[in-house]
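K.L.:
Just passing along the structure, written as structure tokens.
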Amino acid sequence: MENGEIPENANEHCPGPQSESAGKSDACQGCPNQEVCATAPKGPDPDLVAIAERMATVKHKILVLSGKGGVGKSTFSAQLSFALAAKDFQVGLLDIDICGPSIPKMLGLEGQDIHQSNLGWSPVYVESNLGVMSIGFMLPNPDEAVIWRGPRKNGLIKQFLKDVYWGELDFLVVDAPPGTSDEHISIVQFLQATGIDGAIIVTTPQQVSLIDVRKEVSFCKKVGVPVLGVVENMSGLCQPLKDFRFLRMTENGEHTDLTEKVIEYMKEKAPEMLDLIAASEIFDSSGGGAAKMCTEMGVPFLGKVPLDPQLCKAAEEGKSCFSEQKCSISAPALKSIVEKLMAKYWCKEMSVEQSSDAHQDAFIHNCPFKFIESWVGVNTLCMCFVDSLCKMILCSYFDVKSFTIWFTAGYRSTAKPDQALDHGGDIPVITVTKVSSSSHLCFYSWNLIKGTAGTTNEAVVFV
Ligand code: SF4
């Protein structure tokens, strides 16, 4: 029980030997450690201090949850991580689904091992800015079941948080097991002091799955984790008509494959049909699906991702659905969800979350990237936010080599982001202190040399 760790022979819902109720709560009845726990001196868990130190280099922590298994949660976690990494962020993906770790396969990392250095356990890297940690890397045989009781699972989660050396991370995506089990309580308990941005909940549209999502939302509310939004996955099967097989069924259940004939017929009689996307509802969403549930429960709805065989293939092969443009149906849907999340984080970095909900909504609606991009119609843009308000929207030229931005036109707003008060005026020069040269969306910290001299602000630049 060194360092307050939960012993392996502890009861299933062990409250933790350092908790005030250790040895006394109902969950402790019959535990062989009951007497020791009840009498041992209590104090802060030193591991939580170690976790806080490790997590100090991680800017955003996101939990990915689902009420049920089989809804595509791990696929979403994997593709979210790929998408964030493609934006040049430093990303870590932590798989705490200890009994069913599927992340190594979905990232194409099966058979890889974890290495240890004097800094701790090293994640396995897909790319230089995307590292992965999972119990899947520690299993000698992937077919072997992990039959661990709660305390042992919790111990490993703690070790992942305490001992993995991630380095500087923009995002840590945590893929949790389905449901609301001990692992969920543990990860929240261990990370809470370090700040969790929130949870994304993945579901399918049918009622049977949504009932469990409601439980998941209620869990988040109880433990104080904000719900960043709900994703409706497998929202109808969509694929190009030409990728379907066409069968004629006989009375005894056998079938004849007519695909070749049908495709030939279409090519000859109506070739334009081959470009059509065919869609079909797989799950009954007559109850309104996840969007309705979100309205009822007062949580954001992030969007729908269709069931796309190409996305399933990308997950099987451990590839990003955004590369090679193969997932033409699901990739845009996932991209739009990631952009919504980005706007949320972006607002957060600008301290917008401290303002009222109404102000936040106005902010998001009045400063959408796409609107501004098409409105200004230039190749480089900068938006400046101070005290939650968009103070400047400017067209500029950006020199990556000298890390300098020249503003050539712009306006300022002193009240709301959409109220332009002062056109043109100053032409400030900005020195960029952090640059990500290949990204379409980059975050910079800069000093406004002319204007509010010496003040460090935040800017978002499209190049
Ligand atoms: S008595 Fe057993 S179940 Fe209770 S806190 Fe101690 S180890 Fe955990």
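Yeah, the Cβs are placed from backbone N, Cα and C, and that goes for glycine too.
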K.L.:
Among C37, C99, which residue shares the [4Fe-4S] cluster site with C14, C28, C31 according to TrEMBL?
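P.N.:
Site partner of C14, C28, C31 for [4Fe-4S] cluster, according to TrEMBL: C37.
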K.L.:
Looking at the binding-site residues listed here (C14, C28, C31, C37), whose Cα lies nearest to that of G72 (ATP binding site)?
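P.N.:
Minimum Cα distance from G72 (ATP binding site) across C14, C28, C31, C37 lands on C14.
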K.L.:
So if I exclude everything within five residues of the ends of the region 'Disordered' (1-26), which remaining residues of that chain have a CB under 8 angstroms from its CBs? That is, six or more out.
P.N.:
32-40, 42-47, 149-152, 154-155, 158, 182
K.L.:
Listed binding-site residues are C31, G69, K73; which sit with C-beta under 6 angstroms of ligand 1?
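P.N.:
C31, in sequence order.
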K.L.:
So, in DSSP terms, is S74 (ATP binding site) helix, strand, or coil?
P.N.:
helix
K.L.:
Using the alpha carbons only, what distance in Å do you get between G67 (ATP binding site) and C14 ([4Fe-4S] cluster binding site) once rounded?
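P.N.:
About 23 Å separates the two Cα atoms.
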K.L.:
Centre the Cβ atoms of G67, K68, G69, G70, V71, G72, K73, S74, go out 8 Å, and tell me which other residues of that chain have a Cβ in range of the ATP site.
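P.N.:
Output for this site, in sequence order: S66, P178, V202, T203, T204, S209, N233.
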